[in-house]
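**Student:** Here it is, the structure, as structure tokens.
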Amino acid sequence: MQYRDLRDFLAQLERTGELRRVHQPVSPRLEMTEVCDRLLRSEGPAVVFAQPVDGAQKYDMPVLANLFGTTRRVALGMGAESLDELRDIGRLLSALKEPEPPRGLREAGKLWTMAKAVWDMAPRKVSSPACQEIVWEGNDVDLSRIPVQTCWPGDAAPLVTWGLVITRGPHKKRQNLGIYRQQVINRNQVIMRWLAHRGGALDFREHAIANPGQPFPIAVALGADPATILGAVTPVPDTLSEYQFAGLLRGSRTELATCLTPSLAQAQLQVPAGAEIILEGHIQPDPTHPSGYQHALEGPFGDHTGYYNEQDWFPVFTVERITMRRDPIYHSTYTGKPPDEPAVLGVALNEVFVPLLQKQFPEIADFYLPPEGCSYRMALVSMKKQYAGHAKRVMFGVWSFLRQFMYTKFIVVVDDDVNLRDWKEVIWAITTRVDPARDTVMVENTPIDYLDFASPVSGLGSKMGIDATNKWPGETTREWGQPIVMDTAVKAKVDAMWDTLFQ
């Protein structure tokens, strides 16, 4: 599906019954979470809450929620019509990530066509962007005027969830786009919770080293178009900007606007011109903090694990200017025990990951991130095994190839006769093909999500790999079992007489 921006996407969803509007007052404090949780579990539509109300406070802007509550809407957001078509996006990314020399004129022509399509989607700058139709400055900057959700009863504060954070490191040609949650702590400050290994945190660290004591510029886009949001969580090759990739998905070049704050403009931070709301500001210096910059204690918040996370210290982002479209829409979500939107996104993006992994490891037959595994904490891999120890090579390959899987705790590898999408078959393979001492790999002191309270220390824990493949000589000295399979002729005979057997 092609579209121009978020509003065009919503209009198309509404025409097909994929979006509904709620005109009854609903509170962003807990009530929207409960409504959206019920919608998501029933594979219901996206929803626009037209009248957000929190007690006596009435908000001027509606709230969009449950946008990515089904895999079909995720696919539509990525320019596809179905989940199956996302494999084609993965093939495109794998070709862009590691292009191969053409083996003939036909392949050369395909390579040229692909390169031209990428080139044609280079983002373009616009001078009068919609995202700057309204500007709040000075005392007008007040985040309490935005209907930010408080998702769960034990949450510490309202939480910005779909903020597209735009940063640039001091030595980077390309901007980084990332989705990081942000706790609202007062009218113009949020706590920026980013993991130490993610792009935004790396840009900030490089800035602090290269420019100690200097404010770090940040822009946050709220209500960006789906392709740009999804591009930020997709393994885009370093040679391709997320904005350019979003244009490929959307079918139209991404329009960008230069931030109004002079220091952000000087840092060449560019934001989606069609975004609903833009936050502009800095992480300010603080000589009293060991990092040299302002930090605050974040959390606790209910998270995609299904638990409240422990508190930790993260940088404070001071918002100095807010720009927006006329009649802006605030895009929000919640996270909780699966299923939630991150789990749905994981199922959809799984189809993008498969061709990328297969390009690097052709022996991989299928790859699956079960939604019960909290998006990425468990991965299942089926493979065409070729030698003893092959499964362990694949385990370490998955952990190291894409940065999305550096936090994966469990990897189970099976043969290609096992259907990964059927837990009954996976459990059968584990219980019949695994000796726990021989076939379990434990790796200690590896990067782990800060939200994983099961790890011994924050951000550092262990990983487990389970080799549930049939064992080859060298892996066992015993005669290996042969699966029971019915004679094909007998099956065909019973098929032919089945309808008459019980008459």
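For all residues, glycine too, the Cβ spot is worked out from N, Cα and C.
Features from Swiss-Prot:
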ACT_SITE  D303  active site, proton donor
BINDING   N176, E242  Mn(2+) binding site
BINDING   I179, Y180, R181, R193, W194, L195, R198, G199  prenylated FMN binding site
**Student:** Using Cα-Cα distances with a 10 Å cut-off, which of the recorded positions R193, W194, L195, G199, D303 are near N176 (Mn(2+) binding site)?
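**Tutor:** Checking Cα-Cα distances against N176 (Mn(2+) binding site), the recorded positions within 10 Å turn out to be G199.
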**Student:** Mind giving me a neighbour count for D303 (active site, proton donor)? Other Cβ atoms within 10 Å of its Cβ, every protein chain shown.
**Tutor:** 25
**Student:** Going by C-alpha positions, which of the binding-site residues (I179, R181, R193) is nearest the residue listed as 'active site, proton donor'?
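**Tutor:** Its closest listed neighbour, by Cα, is R181.
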**Student:** Measuring Cα to Cα, how many Å separate W194 (prenylated FMN binding site) from E242 (Mn(2+) binding site)?
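**Tutor:** Distance between the two Cα atoms comes out at 18 Å.
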**Student:** Return one of helix, strand or coil for G199 (prenylated FMN binding site), based on DSSP.
**Tutor:** helix
**Student:** For E242 (Mn(2+) binding site) and G199 (prenylated FMN binding site), determine the Cα separation and express it in whole Å.
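**Tutor:** Per the Cα atoms, E242 (Mn(2+) binding site) and G199 (prenylated FMN binding site) stand 12 Å apart.
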**Student:** Which value in Å gives the longest Cα to Cα span across the prenylated FMN site residues I179, Y180, R181, R193, W194, L195, R198, G199 as recorded?
**Tutor:** 14
**Student:** Long-range same-chain neighbours of L195 (prenylated FMN binding site), Cβ under 8 Å, sequence gap at least 6?
**Tutor:** A201, D449, Y450, G459
**Student:** Quick check: with I179, Y180, R181, R193, W194, L195, R198, G199 left out, which same-chain residues have Cβ atoms within 8 Å of the centroid of the prenylated FMN site Cβ atoms?
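**Tutor:** Filtered neighbour residues, in order: V165, G178, M192, G200, A201.
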**Student:** To see if you understand the setup: which same-chain residues, six or more apart in sequence, place their Cβ under 8 Å from that of R198 (prenylated FMN binding site)?
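**Tutor:** Non-local contacts for R198 (prenylated FMN binding site): G178, Y180.
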**Student:** Name the residues of the same chain, 6+ apart in sequence, whose Cβ is under 8 Å from the Cβ of G199 (prenylated FMN binding site)?
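**Tutor:** Residues satisfying the criterion: T167, N176, L177, G178.
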**Student:** CB neighbours of Y180 (prenylated FMN binding site) within 10 A?
**Tutor:** 24
**Student:** Sequence gap of 6 or more, Cβ distance under 8 Å: name the residues on the same chain that satisfy this around R193 (prenylated FMN binding site), in order along the sequence.
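**Tutor:** Once residues fewer than 6 apart are set aside, R193 (prenylated FMN binding site) is near Y180, R181, Q182, Q183, E298, G299, D312, F314.
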